[in-house]
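What follows is a single structure, written as structure tokens, with notes after it.
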Ligand SMILES: Cc1ncc(COP(=O)(O)O)c(C=O)c1O
Ligand SMILES: N[C@@H](CCCC[NH3+])C(=O)O
């Protein structure tokens, strides 16, 4: 039962905002244990320095090349994080009217927003036209017709860029792969040129660019190169026909280290994109990217408390107060998330499955981890800044966690912990 003596400092995926000082985990200049006692658990903690650094690495890698970094809001849509990125100069990739209103509420300019998604409703298209977004990334021919018809009625011209499905394997989890022919996303490669020709003939449509996004958590450059070259072939063919684009949007998708992945650096990723443009003499094109995970994943942790140390017949369970409703990635994608102690304990360690209190066997955060813990100890799920809080739910009437943004020695509560009564606030009992 007793394994090894846990004395080593666990490795963290990215040391920008999070590091151990002695035995204690810190977010920038604050001990995470102090944040947990101040705000309770489960608690999302984000380091602003990691977000800032990631954004600036992208920005600097572009050098003088005209570019826009359109942060993909779905990764982490907290107003404070969107606001921080807006102040750094980011634009935004949104996929719903809600996300559009959210970025405007956070202080972003609608003219710096691109709107992606296969199912934009009439109400969302109307809202986006009223607000004056930078462009729609259109994903089908019927969507083009619908946007044109709404723009006509409003007496507007709609800026559009076509999201192309290049039929390229992103070599990632099938649920987060989006650029294969059988995925629902984008316009089929072969249909793209006829669609542009048709769009160019519509007076309500203003063609601005071309777009592709082939998936998420991509850890090699080759899928980006394969997709990029195919898109640039289209740009060249369009130019021959007199359809001149202003921008090319290579989408997001750059992976991060959760465990031992070695994704390309942000710099290498951008150099690859710019290299492709230069080789084709297309350097005048404004270059857009839509990163989400690679800006926020390693800028956040999810702090939880051990409720029970439950020794099973065949397994030990560390039952914690965070669950699949707080962090769904393990359940959705069998994703490996790091789990580290907030204060390192010296002593005998055992092998645990780290699980939540929800009534589902899929409610696990990590499996087979060697930990030295006691009831009441704090653990941190690492790399939790992306697709954590933004995918959370209230399943089992569990109030969502609080969120805190740390800057040096200062912590700011950027979302209060929900109260149970918040959860039924919109519900009504019919009168008998
Ligand atoms: C259209 C679009 N752009 C950008 C992103 C951001 O992807 P990532 O978080 O992998 O950078 C996504 C999500 O995969 C997306 O669907
Ligand atoms: N939710 C996914 C990423 C999806 C990207 C959306 N296009 C994840 O947690 O890995």
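In case you wondered, yes, glycine gets a Cβ from its N, Cα and C as well.
Here TrEMBL flags 50-297 as domain 'Orn/DAP/Arg decarboxylase 2 N-terminal'. The annotation N6-(pyridoxal phosphate)lysine is assigned in TrEMBL to 74. Per TrEMBL, the feature pyridoxal 5'-phosphate binding site maps to 253, 290, 291, 292, 293, 387. Annotated substrate binding site per TrEMBL: 293, 329, 333, 360, 387, in sequence order.
Listed in sequence order, 324, 331 are the same-chain residues six or more apart from residue 360 (substrate binding site) with CB atoms under 8 A from its CB. With a cut-off of 6 Å between Cβ and the nearest atom of ligand 1, the binding-site residues 292, 293, 329, 333, 360, 387 reduce to 292, 293. The binding-site residues near ligand 2, defined by a Cβ under 6 Å from one of its atoms, are 387, chosen from 253, 292, 293, 387. In this entry, substrate is bound by 293, 329, 333, 360, 387, whose most widely separated C-alpha atoms sit 27 angstrom apart. Between the recorded positions 74, 293, the minimum number of other C-beta atoms within 10 Å of a residue's C-beta occurs at 74.
Just so you know, the Cβ of residue 333 (substrate binding site) picks up 16 other Cβ atoms within 10 Å once every protein chain is counted. Candidate recorded positions: 74, 329, 333. Nearest to residue 290 (pyridoxal 5'-phosphate binding site) by Cα distance: 74. When Cα-Cα distances from residue 74 (N6-(pyridoxal phosphate)lysine) are compared across the binding-site residues 253, 292, 333, the shortest belongs to 292. Per-residue confidence over the domain 'Orn/DAP/Arg decarboxylase 2 N-terminal' (50-297) averages 96 (mean pLDDT, predicted model). It is 13 Å from the Cα atom of residue 329 (substrate binding site) to that of residue 293 (pyridoxal 5'-phosphate binding site). Around residue 387 (pyridoxal 5'-phosphate binding site), the C-beta neighbours below 8 angstroms that are at least 6 residues distant in the chain are 74, 75, 76, 292, 293, 297, 328, 329. Here the Cβ of residue 290 (pyridoxal 5'-phosphate binding site) has 24 other Cβ atoms within 10 Å, regardless of which shown protein chain they belong to. Local packing around the binding-site residues 253, 291, 292 was summarised as the count of other Cβ atoms within 10 Å of each Cβ; on this measure the leading residue is 253. The residue listed as 'N6-(pyridoxal phosphate)lysine' falls within a helical segment according to DSSP.
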